[in-house]
Amino acid sequence: MPTYSSHHSPSLQKMDYSAGRHGGKRFDFGNIVGDPFSLATIGIAVAGWLIAFASSIIGALDKANSNGFPNYCWWTLVFMLFVIVGVFIAAGSDTIPTYRIAIVGYLGAGLVMATSSVNSLIYRSQGSSEAAAAGFILLSMVCIVWMFYFGSEPSAAHRQTIDSFALHKDHAPSRSSRHMTQSYNPEIQQTSNQPPQMYNSSQLAGFETSSPVTGYPGDAAGASKRESIHPPAATNPAANAGPGATTGAATQPAPVEATTGGAAQTEYPYRAKAIYSYEANPDDANEISFAKHEILEVSDVSGRWWQAKKESGETGIAPSNYLILL
């Protein structure tokens, strides 16, 4: 297996908040049926569009309408149709986190056009024009609700409340709770059943980090780490001359044994849950693929990419913004 310290790894050059590859997900109508918010808002949007479309046809054919039907209202109907279809596909394929910024942009343009159509139709005396205005009002209301939902972070309070009713969505933790989860806690480190794994410079191969796993407090662990980094202390008996020379020579093989199988004995003291599915980059052998809700064991939480191990024993690196520490 290639080392995780490769500076040419494509994964290490990715941005922390890149959305990843969600395009491979298949459309599942159950994602919409199981989400009351998506089901209700899409249903209202479709109803409003049908009302506006049917009333616009009647208004355009009404000969009593001397002013004629506004032409840009037709473009508004076409634009909003594509917006509704886009939201429907994104919700059904569970790719809203990937495309939510683009969706908000399109919704902003649709809101302007829908409200302009309302202003042009609602003051007319024809019933068909007033019915079309009512349909555009429903579309405007749905645009406002969608913009507030899609434009907010998943950790926002209102999004957590709405997503809690969905069957396929997790209750995302707040920013403060995740920050405290990843923060360094000396008490947890001291009460661990096993000491953290110590590495020598040859095993780290340039991948030294400030991870809380390697930052074990205490003199004993620090001394062992210094002894393993400086092998001449164990290979030069003359340097240990004195009353404690025999004791020092007897205790030197311990850190060597601990670092001999460093790659196979890497500890994973953290557990993380995948909030999204991830497909490993085929050009980077360091990455691992995992499914949504899968539990991974993590050894290092200090960077954008975490070294993780799956239940099957497969190890590799995973993007941190796809995981939540348990």
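Yeah, the Cβs are placed from backbone N, Cα and C, and that goes for glycine too.
TrEMBL annotations: computationally assigned, not manually curated.
As the structure is a computational prediction, the values presented were derived from the model and not from experiment.
Annotated features, as they stand in TrEMBL:
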{"type": "TRANSMEM", "residues": "37-60", "note": "transmembrane segment"}
{"type": "TRANSMEM", "residues": "72-93", "note": "transmembrane segment"}
{"type": "TRANSMEM", "residues": "99-119", "note": "transmembrane segment"}
{"type": "TRANSMEM", "residues": "131-151", "note": "transmembrane segment"}
{"type": "REGION", "residues": "169-255", "note": "region 'Disordered'"}
{"type": "COMPBIAS", "residues": "179-213", "note": "compositional bias 'Polar residues'"}
{"type": "COMPBIAS", "residues": "231-255", "note": "compositional bias 'Low complexity'"}
{"type": "DOMAIN", "residues": "267-326", "note": "domain 'SH3'"}
Task: Ranked first among 37-60, 99-119, 131-151 for CB pairs under 8 angstroms with the transmembrane segment (72-93) - done: 99-119
Open item on the list: For the domain 'SH3' (267-326), how many residues does DSSP put in helix, in strand and in coil?
Closed with: 3 helix, 25 strand, 32 coil
TODO: Tell me, roughly as an integer, the mean pLDDT over the domain 'SH3' (267-326).
DONE: 87
